[in-house]
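Student: Pasting a structure below so you can have a look.
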């Protein structure tokens, strides 16, 4: 054997044509009976198989394939541009010749040393007489059947012949197969890898007569068994029972045989034959024989089987098939994974066959069938047949109760030619049956009976309602479909609509409208609506519609029909449309359309499309186009008629403008804006030719121009922008640097190009933020928070600006208002919506909302802080909001410095009010109380948690005192009110809550201090002095009365009778008012002070004339007769004493001025100018004040208490 280096010279001598990369020269001598073939699939200029001969090997002969003669040595030269093991194929073929009882050679082994550099394929073809089996006993390791490549490089395969590769079986070493039984023409092959040693591989061959498989079967008279063989391999089946076997090479049919012996002329007939079994099941109306579809026992279990049962039933009989394991229905294109498939075919009376396919293990446990049925089961090899039960029963009737609405007509129609199923109404002797159509018009409860169990397969239902608006008002009527009627039938709901001949009926569809489709199509949800109008020349279909589209209203003239088609297997989910009486119109129909926002294309068709549009009629479409959108009309399909009179034209018109007339072939409107209507007008056509039809499309696109803005944040240190959509408008489009985003962030120190398309300002929110860092407290100056001026090209106002204040470790951020003070937004002291400052800790936990002009002088927060300014009308230039400074660490989380005002209460709230404080946090208020004032502290609202760890606390301590005025935990009853006389310190701390939250609201009211001891002593002295004065007054008054009661006086009358004070004839008349009773009269003191004032007396003389009952006057009445006795009813006992009355004219005093005649003349009148003494004289000349003196009118008042009673 020479390798490449050795044969290089030979390559120069004989193979100058090659530019070889590898070559091999070797001597080969095939064994006896072996044919060695070396071949290549490459061309000769790439690879060649050459023989070398002659003197000094100078003669060569090259080929693409070379067969070597057995037992002759030959020198081969293999030269190839590819690797040798990939460029060549080596096959060593041998033949095993067998007689009926022996084979040659007996021991079969591959030639071990031949061309080991290559992959080799050893083949052994068997030659044996007919009905002879060749046995190959495996030498060495046994074999195992496999479908994968062998890992050790030894791949065995067996085929029944050279030409039949479908029956190839692959084997690997290491299994339990030690013998192969094969027939004539079988081929055994072994493929090995390069350098593989094949010394231990081989077979021991033997031959003997073929003994095929034999079985004994019994087939009854109702069963037919057919064994069918494929074309390959050769095999026959024989029935042994007579003098000579009855053999068949391809197919054998068996029926009505008992214990018949079958012999197969092949070793594995189950791989060659398939079995078809057909059985007959006969049924009466009550039972079937046999009652189950099964094959027991099944001698062909290891064969591929097809079992068919033909089931016959009489008329009006229901056949029931029960499948214990359940079936799953599949489509005709599907297959069962386990190859176990059922087919159920039912032949109806019209000869049509309905076939349904199933797989095992499903939910279909029973099938109710009508008519003759065939059940076919395909069973794979070694598959278990699942039996099914067969039952028969008289065909059942289906009965239902139907209650149609008034003005509703139900029509039940049969759509198949099934002869033995009728529909009936009513029961008993009044039952009326129809073979094809039944109409129900009665509004009451009606019984409907079908003479078949599944009438929904044969009948459809039309539910029609007539709505006549010529006599009754129909405006706003809701039209609904009756979902309770015939739910599993194919249904058509129709509404016949009628209005006055000159008007139109109007159908308004709910959101989101209707979508027009071609008249022959069906809606995806299988709820298909159609509208027909009835013209003088016949009905015209306005259109077919589905739910969800742009059509909102349809008006049609005079009379029409709206219909809804729903299949039986679909749950009814209709729309409820409104019916109104529309205006007068000359149009066949008016379709109102709301075109959607954004880019869209919507198709519309003329009435009757694709058939002819009615002659000399018009149809109108009213389009509502959204703002900032353009529309374009496209004629997609149309047919033009031959006009006998007038012309076909399309008129486009906008509100308030003149219409534009175009033909169907003219350019249609493009890139227009605004609402418009389109009218299609037909001419008088030649009806023998094609008529008018139109299909067009309305394209809508957005016409708005984007708002562009270039943002440069390099001018604002640390400022970043955030823009996000907050509205629901789906057509608002924002982009940054030409990339569309739902939320835009412009980072600090960058530039960006922003674009806003169709974005209303209220739908977009602009916020900005900046970071202010402090590295060292001593070097950080006080910072004033201001808002930088942003780009004016931004279309939306600034909603809020946030400052993120970063403090050094363990340091405090101090916030102060540049205007003097802050106010926290709390109930009763809310901030207005102009500017609000939201303060939060570094982790986002809220502190509160603040604004200017309040009682808070400073807010100190431990750690980082964020401040967000929000304004209702936020200016882009901004103002001055807070002064920020930094200080040393504080013991609390937050400290407020508060200076309450005198005129209004001050509210203090814990952070995050009304929600709870952060766990384990503290807050303090340093409250400054002015001199001369004290603070009344009221804990208005406190919510306490259940603490898991530690406790909450509320403490109050005066600033100059060490002792606390109040200290309470969450488990203690806290005082809700407290008075603090000077500036104080209020501290609250939270625990770690287990449940609930800690929050508190405190009210502080300032009041001036008062000297309580001096006030009390003053009050006591005043009371004591008053008691002394009253005692002295009472003593003097009582003594004076006692002295005067001892003197009794009377007056002498010159004429008439005389009476004494003790005389009881003069009856008291004013029991409830003792104003006229006098103990004594000091006349000089009563009127003496008036005598010197002449002007007063003169002025009062004319005004006051007449007798005054409350005056003391000298009597001037008649003296000749007896004095009359005045008797008045008295409700009280008379007094024990009597007082005299004198006529003022007879007294030495001037007469009392007369009171004018008015309500003052009443006895119930008293002049308040009289002082409260014994004489009730006038005190001054002031205004008269009245109160009643009448005893009758004053019954309900308490009696007057006289001085005696004191």
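Start at 1 and count along the chain as shown; that gives each residue its number.
Cβ atoms here come from the backbone N, Cα and C positions, even for glycine.
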Student: Between the candidate ranges 1012-1036, 1037-1061, 1062-1086, where does TrEMBL place the transmembrane segment annotation?
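Tutor: Here TrEMBL associates transmembrane segment with the stretch 1012-1036.
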Student: In the domain 'CDCP1 first CUB' (398-469), how many residues does DSSP call helix, how many strand, and how many coil?
Tutor: 6 helix, 37 strand, 29 coil
Student: Write out how many residues of the domain 'CDCP1 second and fifth CUB' (476-581) are helix, how many strand and how many coil, based on DSSP.
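Tutor: Reading the DSSP string over the domain 'CDCP1 second and fifth CUB' (476-581) gives 0 helix, 60 strand, 46 coil.
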Student: Across the domain 'CDCP1 third and sixth CUB' (591-688), what is the average pLDDT of the model, as a whole number?
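Tutor: A mean pLDDT of 93 is what the model gives the domain 'CDCP1 third and sixth CUB' (591-688).
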Student: State, in range form, which of 104-208, 398-469, 476-581 has the highest count of Cβ pairs under 8 Å to the domain 'CDCP1 third and sixth CUB' (591-688).
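Tutor: When the Cβ pairs under 8 Å are tallied, 476-581 comes out ahead.
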Student: Mind tallying the domain 'CDCP1 first CUB' (213-283) by DSSP state, helix then strand then coil?
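Tutor: Looking at the domain 'CDCP1 first CUB' (213-283) with DSSP, the answer is 3 helix, 48 strand, 20 coil.
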